[in-house]
Amino acid sequence: MLWTPSKFHPSESLSLVPKIYAHMKEAPFAHSTFRRMEAQSGTTPSVDAVKGQQENAEMSFLRPPVVRLGAGAALNRALFTKKVYLAAAAIQSPKVIAHYRKALQTSQEMLKVDRISPIVSHPDKELGAQGRKCILLNPSVKAEEPTTWGPVIQEGIQKEELTVIPYELTLEYDYWTARDTMESVLPPELHDEIPSGFNVAGHVAHLNLRDSYLPYKKVVAEIILDKNPSIKTVINKVDNVGAESEFRTFQYEVLAGEDDLNVSCTENNCSFNFDYSKVYWNSKLEYEHTRIISFFKPGEVVCDVMAGIGPFALPAGKKRVFVWANDKNPESYKCLKANIQKNKVQDFVRPFCEDGLGFIRQATDEILAASLKGEKVVITKPGPRSKSRKTDKPTTPGFVREPLKPLITETYPLPPTISHFVMNLPASAIEFVGSFKGIYQLQENLFAPTTKTLLPLVHVHCFALKADDERPLIDICERLTKYLGFPMKPGNIDYNLNGEGEVAVHNVRDVAPAKSMYCATFRLPAAVAFAARD
């Protein structure tokens, strides 16, 4: 049994000295810590104190050197080299390495640290060249203090299968994580909000640094570039998305790497190519894209009013969903068209470059007209080949492979109505919902109860107060009420909403300390859809 300090209470330390020593015979790597503390204080240390001191000592070598750089100073990677002095079990024969690795791991005497292999070459160059190996030991095991050697080590020494030697482990800049390195460089008051959750678009890392980090922006960017092999460019936003541009593009500065923002990335099994400086893309919205797409069913129609470069539209097209995809930004429209072709969804996804206010009614009218003309998508693919018997081979006399089955044809007629509207422009999308008034004027016969078709679901993204109570829900419903001209109220999180005027609000993500992004989903009220158009 190993020494387990949790069994003892610190107040019992004086009476438990014999027990502690008894356990140390079985776990002698704690012995040196106990003796050192006893000598320094002149009293018998408590078991918890010994444990804490030992853990601190063992973990200290995992911290990088403190390299405080002044504002604007360059990153000197050589300063992060650290030498750690350990003990190692030098194994005499490779045949017993596996045995001692398992035994030392069980006795907790083997070094167990992420990204450091416990098996290393012998530090003596001649022996290392011969293939001799060492097992790195826990920092509490001292090469010069046999009292710290446990039974496994002592047994190995007696059998002349191993020896305990000093070992100098060198940890260089590449070993330390990005956070380790930033904590080493940045002053302590900046450690709580070290940049880590940045956006990534292809090979570009997009930072939005707080003012307090700006004096260290170059160093932060170099560290991110060094520690993320897929990142080739690090930029920092210098204005607010949406504040300067209606297309949600932003001014930026290149902090490290190449000034190249032509990126390629994948999401939901689709490939996207675009110039990140000219279109909007946010990798943190992948889950929200996936969540909304999951509501679409093959053969339905979706109107993506602010489609961007297609994070909703392209994956939906691959699901055999018809999508009228629109974006007012000419550059987004250009990328959307190219990505539609690249992902081979042109049969289902149609790109547009219009103002969203007018596009809502335009798409509704065009889809109805196209459906009445009988538009459809027909997909033909070869049927599966019948499996021959396993014993049959082309060389077998009389072998005849069965022909391909007839081609399989799938037909998707374009429905006359839209099932979903997606409006992902959180800064202002709610202001667009007034355009839903009268989109199905005089078309009541297209919907229940005349048919089984329900009025469209609207998924509108917006910003509101970050809060755990109902204030954001009430605020969102009040704004929807204002622009729809119909009373809206919070409803259950049920996306088969039939209750007129009910709104299901999903918290997408926090975007600032007091601000969150939400998605409000509601069934378009009949009084709005069938109203007379303005």
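Numbering starts at 1 and runs along the chain as displayed.
Placement of Cβ uses the backbone N, Cα and C atoms for every residue, glycine included.
For His289 (S-adenosyl-L-methionine binding site), the same-chain residues that are 6 or more apart in sequence and have a Cβ closer than 8 Å to its Cβ are Glu267, Asn268, Pro311, Phe312, Pro315. The feature S-adenosyl-L-methionine binding site is assigned by TrEMBL to His289, Asp355, Gly356, Asn424.
Annotation comment: TrEMBL describes 198-526 as domain 'SAM-dependent methyltransferase TRM5/TYW2-type'.
Positions annotated as region 'Disordered' by TrEMBL: 381-400.
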Pairwise Cα distance maximum in Å, S-adenosyl-L-methionine-binding residues per record: His289, Asp355, Gly356, Asn424: 22
Long-range Cβ environment of Asp355 (S-adenosyl-L-methionine binding site), under 8 Å and at least 6 residues apart: Lys328
Model confidence over the domain 'SAM-dependent methyltransferase TRM5/TYW2-type' (198-526) (mean pLDDT, whole number): 90
Which of Gly356, Asn424, the listed binding-site residues, has fewest other Cβ atoms within 10 Å: Gly356
